[in-house]
Amino acid sequence: MNFFLDLLSHRKFASKILTILIISIGALTAYNLPLAEKPRFDLGKGDIVTVYPGASAKDIESNITSKIEKELLSISGLKEFTSTSETGVSNISVVLDSNVSDPNAVYQDIRDALARVTDLPAGVTEAPSLSIKKSYSLDFMVVGISGDVGYKALRDKAKDLELALRRVEGIGEVYTVDLRAPEFLIQLEPISLRRYGLTLDQVAALIAERNTLISGGRLETLKNNPELMTSAELDSIEELREMFISFSPNIQLKDVAGLIEDGFEKGEVYGSINGNKSILFDLRTNESADVISTSNAVKALIANQQKLLGDKYTIAIGSDLSEDIQEKARIVQDNGLVGLGLVLITLALFLDRRIAFWVAVSIPVCIFGTLALLPPFGQILDVFTMSALILIVGIIVDDAVVVSDKIVALVEEGYPVDKAVTQGVKSVFPAVLASILSTMIAFIPLLFLPGNSGKLVYVIPLTVIIALCFSFIDALFFIPAHLKGILSKKSQVKKKPFLDLSALNRLIEFVIRNSKVALPCITVVILTLGAISYKSLSFLFFPTDGAYLIEISAESNPELDLDDVWKETQQLEALIKSTEEVNYWYGEVSSPNSYWVISLTPPNSRTRTAEQIVEEWEEKATQITGLAQIEFDIDGGGPPVGRPVDLRVVGGTDEGREKLANDLTAYIESLEGTSRVRRDLNAPAPQIQAELQHHWLKYYGISANKVGDIIKFAIDGQRVTRIFNGEEEVYFRVALEEDDKSLKELDNILVRASNNKLVPLSELVRWKNADAEAQIKHFNGERVIRVSSGVDSTVTDPVAVFAAVQEAFANKEYGGASIIATGQILETQEAQQGFMIAISVAFIGIALLLILLFDRMRETLIVLTVIPFGIAGALFILFLHNQVLSFFSIIGMIALIGIMVNNSLVLIWHFKEHEAECNDTNLLEFVIRGTQSRVRPITLTTITTVAGLIPLAYGLGGYDNYMSPMALVVGWGCVISMIVTLTVIPSIYLWTHRKGNQSTSETNDNVEEKTLALD
């Protein structure tokens, strides 16, 4: 080991080359890395969407959703699944268990389960499939095209725009809203059908049979081997009109159809961009794309397309994540640069300029070295990675300062330079290695935090660990080699007047000499402040004070058609438009549920928070008529964990479930600190039910399914065949004329019996008015009612609300219905458990490392004493700055513990290294001198760490609601660490060694007395 240290720490030229190489490779890697807001990871979520046009919510539930859910229940690795069955569509969302080791295997099990569902209704347009959600595949931009023109003209331009967008490099997927499929619409007349003795399904079958395109192979007997095609495609309105459906007598389609036209499928949703009805494009990047460059390419395309279209059409942006990414990256970069500048100034003020230069070079070596290794670990350059690099700057400088300070001190004592370098590296090697390892041990458990929260911050401990490895290499090999060249020169190392710490040394001496009084006082003050702060702090995982996204959902009367719903929502659009902090927005309007996503201006450019804006909107929304319920939510920017309080009332009887949901809503509203309490309304939709007359069905030999299909044909129509027109499918939809969809006309529709007799529908069904559910929701296959709310973080937190709910409803029976927590409550509980395990593992790991290093329990326990002081200090810092106890502040707390252990470890190692100089008579002076020898490096590293993090903590270059609290805890925590390390730790060391020496002395006296007695 000594040979290895000597070899590397004396290679000046090699050290300089390696330094330049690491920085160059890292800079090149950073230049090519995609920039994103969050790391790339699998969200463990997916959607299963099945479309069944015209089907009621009950029909969707029975014939699609429940069948799929039955198969999903058998899959291991699924944490939960929720579903919504509504008119025409089934939507199932699946969430994987966070402990699943192979998500792809679970996804494949889901696909296999979907393949086993083979008895779906014939009207289902496409087989259900799984769409997987990943952090990089979420929408980064929403674009819309609008114009004061007819839908066909607008759609033509929208289709051109879609094709252009798909060609943009970096675009992975393009989802459209209100880009309706083209159709040939054939509306039949009931009177004409009766006149010619035809039925709806008979005409539909004839059209499908007539529309044929079959390949007949190649004719090898002819020149060029031409391909033979049998073509009878109906590719024009005229062909459709003239098509014969009977020759005895001659009947053409135009004889029984009141309307034959080429148009588009019926719209189920309207898109809105900044208040204008638009066709929307939801853009997703591919895995390797850079969001910012892709966004810039899209914007350039939009500008070019807008120039070509002129004023008749408008292409607008409704959401652009790249702007938020750039803003967050700018905040971190600006704060990082300010902090780096302050660190460099600090080093220049306190160290000889030549030594300060090479210590400062440690920063880019570690930062760029880390960036160079991110791609092999599957990471990119995101805001969390950059924040972690800022977080580690102080620790990087700490190691370099410790080594350089030791070498310079030995030179000042008269050691030759070569010997000073060798001896300096050897003497600090165990302490530096142990301090690096202890910090790694503190961060390693964070790699295994559960849930999407753990996946989100995975890159932080990874970045810190990689940076620590480079810091170790730089401090023990590069720095000594660089200093050897400097110290070998004749010029003396200049002592800086800024580092005159005599006053601090006198204060430390006073505290240690009076440790019997000072130690209890300092301990009581810090721990008491920590306890008071803990009781006063609220726990909110993802604070919203820096949020820039607001989501709005609204429920309208199910009786309203789409155009009426659009009119009603214009009041809400006007409210959004009147708010000056709104940058842009987009929405999807449908019946009965609509939603909008509003992008606010950057937090640093407005005076109101998202919470304050929502409070104003909620007050004004009470004056909006026509919408049954409007719900405002703030997206804090963390994992998509839903509303702070998100509860599901599951199972049981319908009456019990309703009563429990009502009581739960009232109880949450009564709790202090809750806000925006909402529950699913499930407003009934008017429905006309066809009661089948089964005795007549049996008499005529007509199946119930056939009657149902005929009714569906009549009302919504049915796609019966298709052709390809260029790149698009064009469907043929057969239905009744709009004027003929009354109950009176439906009664006269003919159904062909098994004996070929035509039977009017009136003989087979009886009509009945009823109310039906517009939406049916399930949780893990059971019917569910959702109850949710926001919280005031200064008063309560989601976990506390759920604990109160559990206590209040513990012994109450509601017909088998129960309350299940989901969303942020579950994520918070999961992460709290993860943090407890992480801290416990870190504590045990650090303790084992210290035992290996010191080979004694006494020194190990002394070093571990800093942990409660660190936690108490961090809590007090958060309380003092009116912060909440959040996910990232806890990560900062763990980082602080690692730093405090480092400082204490190096001090205790110094005592151990020189313990031969200590005896009973000089113990006090030994502790004072030893502590004072560490004052300079600890003070310098504390100042550099604070200087590096304070800009991010206070948002000097812009405030980030996640990273700033973490920087706040670590930055000011280092000051507390300095106080504890230079006062508490030496005082405890002094006290324990006095006790130990006293016990040893008493033992020796007893031995001597026994010896004399024997003599």
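Yeah, the Cβs are placed from backbone N, Cα and C, and that goes for glycine too.
Look at TrEMBL and you will find 13-33, 355-374, 380-397, 428-450, 456-479, 517-534, 834-854, 861-881, 887-909, 938-957, 969-991 tagged as transmembrane segment.
Spatially, the transmembrane segment (834-854) is adjacent to the transmembrane segment (861-881); three or more Cβ-Cβ distances between them are under 8 Å for residues at least 6 apart in sequence. Here the transmembrane segment (355-374) has long-range neighbours at 19, 22-27, 29-30, 33, 340, 343-344, 347-348, 380-381, 385, 389, 392-393, 396-397, 399-401, 404, 408, 463, 466-467, 470-471, 474-475, 478-479, 482-483, 486, 493, meaning same-chain residues at least 6 beyond its ends whose C-beta is under 8 angstroms from one of its own. Sequence-distant neighbours of the transmembrane segment (456-479) (same chain, 6+ residues past either end, Cβ-Cβ under 8 Å): 5, 8-9, 11, 15, 18-19, 22, 38-39, 41, 358-359, 362, 365-367, 369-370, 373-374, 377, 379, 382, 384-385, 387-389, 391-392, 395-396, 399-400, 402-404, 425, 429, 432-433, 436, 439-440, 443-444, 446-447, 449, 638-639, 887-888, 891, 895.
Residues 5, 98-99, 395, 398-399, 402-403, 406, 457-458, 460-462, 464-465, 468-469, 471-472, 475-476, 830-831, 833-835, 837-839, 841-842, 845-846, 849-850, 853, 891, 894-895, 897-899, 901-902, 905-906, 909-910 of the same chain lie 6+ residues outside the transmembrane segment (428-450) yet bring a C-beta within less than 8 angstroms of a C-beta in it. Using the rule of three or more Cβ pairs under 8 Å, pairs at least 6 apart in sequence, the transmembrane segment (938-957) is in contact with the transmembrane segment (380-397).
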